[in-house]
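Feature annotations, reproduced from TrEMBL:
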- 18-137: domain 'Acyl-coenzyme A oxidase N-terminal' (DOMAIN)
- 143, 182: FAD binding site (BINDING)
- 279-440: domain 'Acyl-CoA oxidase C-alpha1' (DOMAIN)
- 425: active site, proton acceptor (ACT_SITE)
- 474-651: domain 'Acyl-CoA oxidase C-terminal' (DOMAIN)
Ligand SMILES: CCCCCCCCCCCCCCCCCCCCC/C=C/C(=O)SCCNC(=O)CCNC(=O)[C@H](O)C(C)(C)COP(=O)(O)OP(=O)(O)OC[C@H]1O[C@@H](n2cnc3c(N)ncnc32)[C@H](O)[C@@H]1OP(=O)(O)O
Ligand SMILES: Cc1cc2nc3c(=O)[nH]c(=O)nc-3n(C[C@H](O)[C@H](O)[C@H](O)COP(=O)(O)OP(=O)(O)OC[C@H]3O[C@@H](n4cnc5c(N)ncnc54)[C@H](O)[C@@H]3O)c2cc1C
């Protein structure tokens, strides 16, 4: 069937090449091209297609379907991608497995990265190759039923037995059961387990251990291990998140990951070079989350924008034909600022991935000085992008009206997966408060006359801006954001200090200032996102692409400043706010002809999108009908439930 002419016209009105834009989104022409080649190659392999729509499958069927595809994938890895390239591998996973989770997700995202960052050279020699060849499947078991956030309160113990040179693992209470780890329930046979290291009755706190859970031949749990699936979740139902308990389960001393902390055979403990070095796997995932969430948001927007260009409802001036709903200003206001955010998140993602890779090298060379900065940055960023992505996806769903609520749109699945990110890798409020600690320390440095020692990301806290000329473009908007973030950070810090100075304990003063502190963290992070967006656009060479991204940046800066209006009341007059509001409306109109091309540029395939509404060809209605007809409920005209219950009820009512 040919393309819906409404989408053809939209594509014709675009002022730039989508391939050129994809090269900017994905960091290079080479990688954008590789993505297209991988997608093309996969589309020719029938075994990678869903056996039937995932949304009609039970959880067991989803997991089985994911495993089937993983097994097929293992025959194609080397021919489809450069296996040393993480981005190519992730693209392949996204295309084939989609976003509902699968039994190798944690193996790739946390198990292998933990071995790389935490295992000694000898340990890597023993396990890393096996893991990379997928001879074993691993997971990352840290969270317990009773504690996820407060790692210092984890209860699982690993007690060193000097006589046998083994660790004895125990789960002393119900709440100490590991709870949540992906792939633990049914798939993984090994795990990195975070447990309290105990030597001669002294607790050295949580440390990582390499633990075999299941027999490598029979896949049965080993004696001393209780393991299973935690049941269905809001989303991620292609993954078997699990529980795990230990009863006097022994592992050799060599199974504690000993790149940084060490226990010698006589039971001596050697401290790591930085107390939080064991948290690196979390920082790794957090550093990728801006990119991943940007792509979740992008997926929902591809669906909503394409659909809005084929959905016609109501009239503007021309009463002879209904308009595309994308022409309504309210629809544009709902969707276009999110397009800008998706671009901005992806650009930030590249930056934080690069920073993590550099930090990993530095730490391996004994330099841990960058850890605090990256922890603070990624803590704030994961919190802001997950929250705003959730907001943006939900708006995209509503922008699709009734059909958005159908699973045919697939938006609810994207939403469920994306907002998991508000919780995993550190609950958002908690992570905002981690960043706040860093911001408060920065203010204290200024108060102590050490402004010159501030890092570049917080140097603005020591500046002073009281007047803004808003005709000068994005950099002036950045100044507005700096003003808001600086003011809020000072106000929150002063509130905390005042409470503390009044005699309150440090902890209670912190608690009572914490809402204000989280607000400071959000503003600081949004400032970082905006400045990364501005810098990125400044570096683009292709003039057509750059022109459209400047238009998109204008949507971003005006929308973001309007959104934080309450924090800039002391800086901007109501006339200036009106001016910004009008600039936003103008920028929505400016971006309108490029809206479809901007979302096409994400180059997310139909196979990955799984959305009837978001199809590239725009043939929504005929496929919606086809999709509904494929519902298992439509296999027969009369359901047994009707014969068994409703018919007798109706007959009885007739009497
Ligand atoms: C063929 C090849 C294939 C290749 C494939 C490629 C794959 C590559 C991988 C890519 C990854 C992709 C990602 C995709 C994701 C999609 C799937 C995701 C599935 C979901 C998985 C989820 C997993 C989990 O959730 S795991 C569990 C996570 N748990 C948490 O995050 C717990 C949160 N809590 C904490 O982190 C801590 O407890 C904390 C930080 C809140 C408090 O810790 P504390 O010890 O109590 O410390 P505190 O007293 O508060 O602070 C003291 C001091 O320490 C500083 N600090 C804390 N943390 C760090 C750190 N990490 N680094 C540096 N410093 C740190 C803190 O700032 C304090 O400092 P001061 O203020 O100076 O005292
Ligand atoms: C989809 C998914 C996948 C996951 N995968 C894994 C995995 O593979 N491995 C693994 O180990 N874990 C995994 N987890 C667990 C996850 O990391 C934790 O659920 C997460 O870190 C939050 O911890 P919690 O559940 O203890 O929340 P809680 O800390 O109990 O949060 C409850 C509330 O308390 C608040 N709160 C808690 N502490 C503070 C504080 N100090 N200050 C202010 N407010 C506070 C929070 O903000 C929140 O509002 C996964 C979770 C999900 C949802």
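Note: Cβ is positioned from N, Cα and C throughout, glycine not excepted.
All TrEMBL annotations are machine predictions without curation.
Here the features listed in TrEMBL are painted onto the structure.
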residue: 143; record: FAD binding site; contacts (Cβ under 8 Å, 6+ apart): 178, 179, 180, 181
residue: 182; record: FAD binding site; contacts (Cβ under 8 Å, 6+ apart): 101, 105, 106, 139, 140, 236, 239, 240, 241
residue: 425; record: active site, proton acceptor; contacts (Cβ under 8 Å, 6+ apart): 282, 285, 286, 289, 382, 431
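For the domain 'Acyl-CoA oxidase C-alpha1' (279-440), the predicted model reports an average pLDDT of 97. The DSSP secondary structure for residue 182 (FAD binding site) is coil.
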